[in-house]
Amino acid sequence: MSITLLCLIKGNTLANAFPVDIDKDQLVGHLKKVIKAEQPQTFANVDAKDLKLWRVPISDDHDDQLRNLSLEDSDELLAIRKISKYFPDSPPEECIHVLVEPPESTATSEVLKLREEVASLQALLNKSVAFDVVVSPKRTKGFKWTVNIEQATLDGLKEHIRKMEKPPALENDGAVLNIVNESGKYSPLNDQDLREMLQLFVSNKNLKFTVFIETPSKAFSDWTFSSVCQLYGLNGETEDPTMTVFPNFSCGNVKPSQESLEGLMAELKSRLDNTPISLLSVEATKSLYVYSYLLAGANNFKGKFEIRPQKVISGPNGHGPLDFAIDLCQTAKTVGVTEVKKDDFVKGVAQCAVQLESSLSYRKRKADEMEERTFGRVFGIVTDAEKFYFMECSMDDQDRPSFKLSKPVTVVYEDNDLQTKVEKVLEHIVWLLEEAQKPDSALDVKEREIKRVRSGELPKVTDLEGKTN
């Protein structure tokens, strides 16, 4: 009785299986000859008697069994026995019935190459490890990063973090990854450092680590609008973003004191007579006019603000002098930033955004040191002394900055209604300065009092007196 046996050469996949028709009353030795005849090129230099045949019933949906196949528990088909001894009934369909093992010394180059590839792949899989990665700050949910620790790269890790978390800091050129694990703190400077660190984690059987991203800040003046939009995720799907990518800032207005308005008008008229402003004016000339506006705004809050030209600040993404910083005297915090431009407002908005983040991140560090829960907002002005843009910057619960940008307010110094336009700008500045004081209001003081009591520290008499005052 003739039967059909599906045969597979050891090391091949199910796709390479081939059928053999033979009478089951024949010997296994006959089956070896038929297999050699069926695969003449594969077994060109092999005698049929040197083939080993194994009974291995593997169904076509269990290809994975071939990768970890052990022949120790399988039946070797002996040449002197009849095929019916091993296959008394019709063999099951859609299964491998016989595994063909050529002699080691005479295996074909194709089979040897395949074996090497399989061994290499298996070794590669054995070195691939799934790490649990958390990106700081304030991200409690991590993600899996599966990587071959002998081929891991810093760029690969950064790209995976960028894909999973999209942290703005990674858009900064030269971002540095600081990694913390129970084994210690690490700052891999190259791929080899990273691989050695991962191998240590594996040997310690601790596959979870936290990544802190540090960015070398660059000068504020080096930032372009497109790079700032990319840094803060403002470009959306636009390759050439415009200022419309910023959410609108509805800047409020507070009526200034008559004294401050009259003083500003007198000072502007004096400057117009002695230092005229025009489209050709340099930034230094425009700064004289801008200072007059800022001074008039601060005069509405005697002794509460200090205007500091060329104050130097630094933050996670930028450093350098500000054209004008407005500090709150009580706390010495920078609450306002002014960027004066000759005419390039787009670049001015970009620079101001990085300046605002730098100012706010510094305030946040101080707030963390004092265990304050809130640290307010910071405001910005971008202007050429004729057109005024107002900005707001705040941080979300994951310490990511968000920005808003107002529509411009324009002052035409030759117009008859000059005072109306000047007053409108001053109203916005006064409102900004009023808002800038709110983080230090009695409400925040009360929140800090409650927080100290909850932590087990009773408020001191001086604290309560300060609250009453």
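For all residues, glycine too, the Cβ spot is worked out from N, Cα and C.
For reference, Swiss-Prot has these:
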- 1-17: signal peptide (SIGNAL)
- 18-57: region 'LQLFLAK-like domain' (REGION)
- 58-96: region 'DWL domain' (REGION)
- Asn68: N-linked glycosylation site (CARBOHYD)
- 97-103: motif 'HVLVXXP motif' (MOTIF)
- Asn126: N-linked glycosylation site (CARBOHYD)
- Asn181: N-linked glycosylation site (CARBOHYD)
- Asn248: N-linked glycosylation site (CARBOHYD)
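Helix, strand and coil residue tallies for the region 'DWL domain' (58-96), in that order: 8 helix, 7 strand, 24 coil [DSSP]. Within the model, the region 'LQLFLAK-like domain' (18-57) carries an average pLDDT of 92.
Taking Cβ-Cβ distances under 8 Å and a sequence separation of 6 or more, the neighbours of Asn181 (N-linked glycosylation site) in its chain are Phe201, Asn206, Lys208, Phe209, Thr210. A C-beta separation below 8 Å, combined with a sequence spacing of at least six in one chain, links Asn248 (N-linked glycosylation site) to Lys404, Leu405, Ser406, Lys407.
Assigned with DSSP, the residues of the region 'LQLFLAK-like domain' (18-57) fall into helix, strand and coil as follows: 14 helix, 13 strand, 13 coil.
Counting residue by residue with DSSP, the motif 'HVLVXXP motif' (97-103) contains 0 helix, 5 strand, 2 coil.
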